[in-house]
Amino acid sequence: MGRTLAVPTPYGCIGCKLPQPDYPPALIVFMFCAMVITIVVDLIGNSMVILAVSKNKKLRNSGNVFVVSLSVADMLVAIYPYPLMLHAMAIGGWDLSKLQCQMVGFITGLSVVGSIFNIMAIAINRYCYICHSLQYERIFSVRNTCIYLAVTWIMTVLAVLPNMYIGTIEYDPRTYTCIFNYVNNPAFAVTIVCIHFVLPLLIVGFCYVKIWTKVLAARDPAGQNPDNQLAEVRNFLTMFVIFLLFAVCWCPINALTVLVAVNPKEMAGKIPNWVYLAAYFIAYFNSCLNAVIYGVLNENFRREYWTIFHAMRHPVLFLSGLLTDVREMQEAQAHTHARARARTQAHEQDHAHACPAVEEIPMSVRNVPLPGHGAAGQPECVSGHPKPASGHSRSVSARRKSASAHPKSASGQSKSATVYPKPTSVHFKPSSVYFKADSVYFKPSSSHPKPITGPSKTAISPATSFPKPTTGYTQHATIHSEPTTLDYLEPITTSHSKPVIASHSELAASCHLECNIFDLSDPTSSPASDSSNSAASLLDPTAAAAATVNPTVVTTDYHEIVLIDVDADSDEMAV
């Protein structure tokens, strides 16, 4: 592995090999020991912070997520850059590759910028917790906290990456480490200091001033417990001291960077080398102080520290405790997921009860237009009858017993009696379908309706229940309809009056009546004759009532009415 080449500059010797540094040997030994202690305390202390937060349920909150993130940022420099610094101090120079020097500078930048950004996130979290307590749970929910943490580290990486291209990372013999050389680009150096140090400090200072003002305004010495006041003050002081120590430790090195960047020719030779060394080592020492501050000022952290110390004396118990904690965390997560699933199912059931599912319409009654819908584009009456002036008609019912579930048509083929009940019945409009009281009558001996031939109205005999043709005369004494169940009664018409079918479409009468009507047209009569005969019957109802029924008239035109009595307990049939 070759040595790094020397790069002399007018403002100092950066990258030069110094076999005999101008520091006293005692100072080098002291700094070497201080760095060893810093590395040990950094690794152990920040590891204990992470374990304490993971083991203590009281410490598992959104604010301590950024505390753990700050501990990770502090541990970065103790893992890689600090050991290489010890190596450079031991041999008096840098004998490693250029890539390793670049890695040292990049990881150091991540640690420093990550620390200040996490301290800023902690201050914002404390500010929202104290000054905006009502919105705290919504702002710092578990999901939002993870997003904020990811944004913090993304900002850290984006803030350090420009230094890899603009600022040159080189070995500095004054600090025994690889740093960013901003001497050749003073404007960039000032910008970096403002973004990485000054702006975060202003934000953190604003948050803690607001917090302190809120705490002082909320104090009530007469009605508040002094122990609670002391606990609030200690919780506030813990994070404030963390911020204050970071500002004190990193202020000297940032001030030197700005001074050298503003006036490099004059300031480069006036600043002694030991000032650079002291400034950098104070900044490096800050990485191990946070864990100590937590243990001194926070009772929960201090209690967990003692628990970890006692557990480390018995490694087997310590490992078993860790496994138990991991298992408890998994069980807690499984319980949380189960509760979430149960809550989701409860919401779905409530929604299902609130919005019941609509039953599917059976195939036998699908595509059947409801009354009033199919007549939108066609005339309502095809027989020439005037539209009744009354409102919705009620269904006319006749008492009959069902002897067969499958009535047969004239061709001998049985009709399907399968009926799919629906939660609600269909109510017909008076303009859709209505049968006249004098056109249908029944005989109680049989329940098998048969098609009726003839150009006149359909009549069902009470003796046989077989439809018989009528020749324009209705037998008034055989009418079994109940006029009290109708909203209106039409006069008795002549032989050419027909049931009114809206729009020539099929008719489905709820789930108790299925009517298949064929051959609506009458080849033996014309609409003109229908209209005239209907008018005559309307003018002379007594003549039609006195007429006799001629059962011998046979015609080729018929209307088929299939009656299905589904409900055995019902004594009525809707007409």
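Backbone N, Cα and C atoms are what each Cβ position is placed from, and that goes for glycine too.
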The residue that Swiss-Prot pairs with Cys178 in a disulfide, chosen from Cys101, Cys251, Cys288, is Cys101
Pro24 and Leu96: same side of the membrane according to Swiss-Prot? yes
Among Cys101, Cys178 [disulfide-bonded residues], residue with fewest other Cβ within 10 Å: Cys101
